[in-house]
Amino acid sequence: PGTGTTLLSQSGTENRAKSVGTLREEGLYSFLAATQDIAVDGWALTMLSRENVGYASTCNSVGQTAGYFLGNVLFLALESASFCNKYLRFEPQPRGIVTLSDFLFFWGAVFLVTTTLVAFLKKENEELIPAKEETKGITDTYRLLFSIIKMPAVLTFCLLILTSKIGFSAADAVTGLKLVEEGVPKEHLALLAVPMVPLQIILPLVISKYTAGPQPLNTFYKAMPYRLLLGLEFAFLVWWAPKVKHEGGFPVYYYAAVVLSYALHQITLYSMYVAIMAFNAKVSDPLIGGTYMTLLNTVSNLGGNWPSTVALWLVDPLTVKECAGAQGHTCATAGASELCTAAGGSCVTTLDGYYVESIICVVLGFAWWFFLGPKFKKLQDEGQSSWKCKRSN
């Protein structure tokens, strides 16, 4: 944490200009992808009956799992020279089988072809298209979105979901970085996710039996305490790592413990994810379904992203360090750490902020589950009229 920004500032004006151009391209890509995301959300609401609309979350999670595996796990393996030389080649090479540019070009072409085929081959069902459109432009759409957010049920949902994932922030955002910091190779962590792919595909299919009904948030509520406890399990794995590390790396039983913990974490994560997606699809008004459902999903994603960002930022301030080898110096600030080093000392960590953060997050998570969780479950008892858009004349 805190080192990523230096990569953009080391090479002067030329690299800064390149980074700005890259950010513009990423912004354009995100804009186009978000537009398709809204269309797909609306498509799911019109293709599935109201009784089966909860299965939209199953399709979403299975597709995202496949995409994550191809775009993250598979890419990291094929891009790694050490992995390819060890498992896929007879003669070592200085680089992996694929590069980032090759990977992006190939999947960009696949993305373009599949999207074009959908555009030309998929025909809309005229019977499902409402005779009267709810909005006629961007201004009307945003005006309607603001009116949706102000509805009591939606506003309560937004406030609760924005705070529901605070308890998981340390485990989700910092654990992987800490494992790498303790010496676990990132390629190995990526490969450990491979056995999870079948589980991640099967889980939504199993969980959908419980979330496709009238009360999907029950699954969310029941899975939450187990996921919180796994945050402490992850902290234990980080603490355990340097104690079992040897010259050849880490023993097999340590990796087995990581895989088992990750598998249990995935069960709780997917239970909550599929449940919230099913609830969003259930309450979304079909007349503005894509926009409505994407609004709720965006709030749900934000509820996980902002605590993770704060968790990453707080690791260093919560870490306690002492200056060893130079009396009269401390390591309380960056300046003090430099003075300690200049005086011939070194900063030694006496209390890692990750462990402090893990305990605080779990305590806050259980407080939310105990006091606000029942209120969150009650939202599914609201009538459909509480979620309907106000019709324009």
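Heads up, the Cβ atoms here are built off N, Cα and C, so glycines get one too.
Copied from TrEMBL, the annotated features are:
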type: TRANSMEM; residues: 103-121; note: transmembrane segment
type: TRANSMEM; residues: 142-168; note: transmembrane segment
type: TRANSMEM; residues: 188-212; note: transmembrane segment
type: TRANSMEM; residues: 224-241; note: transmembrane segment
type: TRANSMEM; residues: 253-275; note: transmembrane segment
type: TRANSMEM; residues: 354-372; note: transmembrane segment
For the transmembrane segment (188-212), distant same-chain residues with Cβ under 8 A (at least six beyond the ends): 52, 54-55, 57-58, 61-62, 65-66, 69, 72-73, 76-77, 83, 176, 179-180, 218-219, 255, 258-259, 262-263, 266-267, 270-271, 274-275, 278-279
For the transmembrane segment (224-241), distant same-chain residues with Cβ under 8 A (at least six beyond the ends): 164, 167-168, 170-171, 175, 178-179, 182-184, 250, 254, 257-258, 261, 264-265, 268-269, 272, 354-355, 358-359, 361-362, 365-366, 369, 373
Spatial neighbours of the transmembrane segment (354-372) far in sequence, C-beta under 8 Å, 6+ residues away: 160, 163-164, 166-171, 174-175, 178, 221, 224-225, 228-229, 231-232, 234-235, 238-239, 311, 314-315, 318-319
